[in-house]
Amino acid sequence: MRHLLGIEGWRRDELEALLDKAQAHLPGKPDTTHILRGKVVANLFFEDSTRTRTSFHMAAKGLGASVMNWTQSGSSVSKGETLLDTARNIEATGPVAIVMRHKSSGAPHLVAKHVRCAVINAGDGTHEHPSQALLDAFTLRQRWGALDGRTVLIVGDLLHSRVARSNLLCLKALGARVVMCGPPTLIPPGLESLGAEVTHNLDAVLPQADAVMCLRLQLERQSENFLPSIREFSRLFGLNPAREERMKPEAVVMHPGPINRGVEISPAVADGPRSVILEQVSNGVAVRRAILEVCAS
Ligand code: NCD
């Protein structure tokens, strides 16, 4: 049993072993329903999710497990039960893993200290989203074989993005160069100390990138006036067809979803030939099966 609370704490060889394992979980590979047959996986989502929740659900089913689903509104959390009481009660029903998403950074780490089953972080506040970083790395490895020496450019709302932080840690661990770009007000302190190169000039760095990962502008967290206007953000940091022409011919475009079409990425780019956005989603199921196999079987 092992927790996946973040990319932090996982060594390169461990990350690579997990990504290698995910190969065996791609569609068309031999049946894997023996791995967690008769076991239960608890999905505990206290924040909205389309891709991640469904993907973990399908991953657990693909390993033969049954899935219990909890959301904030349908559970006793809405009656005032604490997170720890909820988690301990869920654990008492006997799952091998709790997959959890929570608006507070560090919530899964707290739960992991108090339960015996594996805890898998499906996104905690603005902190980490390790399964997303792993499926992104898997998608790039499928294209490139290895990430060594490749440049990944991560653009947009870096301040609020747990995807950006986990990707920085994961991509650096796997040997890539990571350049992060956004308006000064949406760049958190400390990215350089984690190995990123930081810039505000998207047009200058675009030609260097082997992959451009656009991040959603987290509109629900813009009440503090981080930006003069969405239109200006889009003009300076949006990936549009004119900018796409500055990219290397074989460079790919990524986005973790959900997309704000026309804000951080134009529909023509999101749906265009460079986009691997739906490959990311498909690979997510295989990678999450490997995560559940490594952590909970
Ligand atoms: C992201 C998330 O929830 O952190 N989405 C996802 O899991 N694919 C990114 C976002 O909300 O912008």
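Using the three backbone atoms N, Cα and C, a Cβ is placed for every residue, glycine included.
Carbamoyl phosphate binding, as stated in TrEMBL, involves ARG51, THR52, HIS129, GLN132, GLY257, PRO258; the candidate among ARG88, ARG101, ARG221, ARG289 given for that site is ARG101.
Only ARG162, ARG216, of the binding-site residues ARG101, ARG162, ARG216, place a Cβ under 6 Å from an atom of ligand 1. The record assigns LYS79, ARG162, ARG216 to the L-aspartate site; their largest pairwise CA distance measures 32 Å. Annotation for the binding-site residues ARG51, LYS79, ARG101: lowest Cβ count within 10 Å of the residue's own Cβ, LYS79. Annotation for the binding-site residues THR52, GLN132: lowest Cβ count within 10 Å of the residue's own Cβ, THR52. For the pair THR52 (carbamoyl phosphate binding site) and ARG216 (L-aspartate binding site), the C-alpha distance works out to 15 angstrom.
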